[in-house]
Amino acid sequence: MNKFATVLVLASVCLAGVSAQCPRIVTRGQWGARAASTAQLPIRPAPWVVMHHTAGASCTTDAACAQQMRNIQSFHMDGNGWADIGYNFLVGENGAAYEGRGWGRQGAHAPGYNDRSVGMGVIGTFTNVIPNAAARNAAQQLISCGVSLGHIASNYWLIGHRQAVATACPGNAFFNEIRNWPRFNPNV
């Protein structure tokens, strides 16, 4: 086997190992995102993950989740005047992760943490119920994926949005759930 083929095989094995930890990620192009320009995240890898819910309708199909992403992006850009959707990623109850601003971009999701965090959330309202297993698993896989890819610090801290600013987000039920997740920090 020549050197190029050996390098190609080794790269494939390494990428397979990384992608095995990542959930299915739907790109901006795949969900129909509008063009946007956002700043790079100044502190990388991000030492914080801030968990949210969108406080709207949930979604369980690719089509419904893509529509929710477009709706949220329009609300954030047209209603709030932001440069793009506020979150780095959102997860649907179909088990897919949807690229918002993406890795390495500064979000607009949690004042005081936007320049040092990855903002993730689950599409839907989780005040009285927790997201389904598919969404919870995808969210936890996405965090592990970010660590594996070097976008989230290995010693990151996880918080709920309500710990950064006075809000009900990510909903009482979901907040109580994430308090049991790895690296949750109750003392912000």
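Cβ coordinates are placed from backbone N, Cα and C, and glycine is handled just like the others.
According to TrEMBL, the features are:
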- Cys22-Cys145: disulfide bond (DISULFID)
- Cys59-Cys65: disulfide bond (DISULFID)
- 23-165: domain 'Peptidoglycan recognition protein family' (DOMAIN)
- 36-171: domain 'N-acetylmuramoyl-L-alanine amidase' (DOMAIN)
- 1-20: signal peptide (SIGNAL)
How many whole Å apart are the CA atoms of Cys65 (disulfide bond) and Cys22 (disulfide bond)? 18
Same chain only, sequence gap of 6 or more: which residues have a CB within under 8 Å of the CB of Cys59 (disulfide bond)? Cys65, Gln67, Gln68, Gly92, Glu93, Asn94, Ile123, Gly124
Cβ density check for Cys22 (disulfide bond), other Cβ within 10 Å (all protein chains) comes to 16
Can you count helix, strand and coil residues in the domain 'Peptidoglycan recognition protein family' (23-165) using DSSP? 41 helix, 33 strand, 69 coil
The number of other Cβ atoms within 10 Å of the Cβ of Cys145 (disulfide bond), counted over all protein chains shown, is 22
Protein Cβ atoms within 10 Å of Cys65 (disulfide bond), excluding its own: 24
